[in-house]
Amino acid sequence: MSLEPQNNLLANINTNSENLPENDVPMSITEHLEELRQRTVFVFIFFLLAATISFTQIKIIVEIFQAPAIGIKFLQLAPGEYFFSSIKIAIYCGIVATTPFGVYQVILYILPGLTNKERKVILPILIGSIVLFIVGGIFAYFVLAPAALNFLISYGADIVEPLWSFEQYFDFILLLLFSTGLAFEIPIIQLLLGISGTVSASQMLLAWRYIIIISTIIGAVLTPSTDPVTQIIMSSAVLALYFSGVIILFLLRK
């Protein structure tokens, strides 16, 4: 009987054992569910604390969000509009503050079950997604929001006086920040497609004509305002993010 199949089997076992995480302790389904429940409770408590703190500091947060709207007077058009808008803003701030902590809990939950090779891929992607979302929000606040507001304020300023609803303005700002943060996740999606072998970097580069059209559509859909300036800036950012993802995949040889 040939020993070659047995040697191949032993080699595969040794290779797989090297990829397994250290101190891997088996857990029952009940233990997994209990750990998941505990981490979910931790995230929920953290969210409540973050939202509560945000509500107590709502005046400072409102002033920060109002900063891009220079020279605009905000009106309360309905009873309790400011109060209910403050609750909404506090909830959104709580979600944003909780997201990194939630991702951290997800990492702690899935980490013991990952091989060393999977850890090298998944952990940077999770951390990178948080960083890119935050960068997208900062880009929206310092670039997109001022550009959109300046256009909307200056257009027809000699005819009508800009008096804006407090609630509608903050819906506009929050939607702009959130949608831009999502748009900045494009390189993460490209990395997942490239690493999984679904689409290569060369194929992504060859599709540049279609990407220009798609980026224009994304810029029109994700920007809550209809002004061309904001849409052009958003489309340009989407293109830059896309080609950045292609360059990263080329560097990774995917």
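Glycine residues also receive a Cβ, built from the backbone N, Cα and C atoms like all the rest.
Annotated transmembrane segment per Swiss-Prot: 41-61, 64-84, 91-111, 125-145, 146-166, 172-192, 204-224, 232-252, in sequence order, evidence recorded as sequence analysis.
Highest Cβ pair count under 8 Å relative to the transmembrane segment (91-111), across stretches 125-145, 146-166, 204-224, 232-252: 125-145. Note on the transmembrane segment (232-252): residues 139, 143-144, 147, 180, 183-184, 186-187, 189-191, 194-195, 200-201, 204-205, 208, 211-212, 215-216, 218-219, 222-223 of its chain, located 6 or more positions outside it, place their CB under 8 angstroms from a CB of the stretch. If one looks beyond the transmembrane segment (64-84) by at least 6 residues along the same chain, the residues whose Cβ comes under 8 Å of a Cβ in the stretch are 141, 145-146, 149, 153, 162-167, 169-170, 173.
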